[in-house]
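Feature annotation from TrEMBL assigns domain 'Rieske' to 4-99.
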Amino acid sequence: MTDVDIGSIDQIPVGEGRTFAIDGEQIAVFRLRNGALRAVDAVCPHKGGPLADGLADDAVVVCPLHGHTFDLSTGCEASGNEMSVRSYPVEAIDGKVRVSFRRA
């Protein structure tokens, strides 16, 4: 795993997500209302919807295109559908957001 600092936590408003490019990968990082951070692939595997633009609560994000719901901790589609996105370890350190992922 490689750790990458993607910027200030202030770039992500509480209760919203933002998309960041890391080594050619698009990753959506969410700053939840409870203060936690979550990171998943930024693109829905169904039709390419932008997950950072979806509605998120403390557990899931809903794709804004067709309503597929993904668990923000595991990346699994909440209805049990085999579709999923990758989830990534993410944390805030000294006000910076750090995402851990495997480089290709």
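Yeah, the Cβs are placed from backbone N, Cα and C, and that goes for glycine too.
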Determine the mean pLDDT over the domain 'Rieske' (4-99), rounding to the nearest whole number.
95
For a three-state summary based on DSSP, what are the helix, strand and coil counts in the domain 'Rieske' (4-99)?
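For the domain 'Rieske' (4-99), the helix, strand and coil counts are 6 helix, 47 strand, 43 coil.
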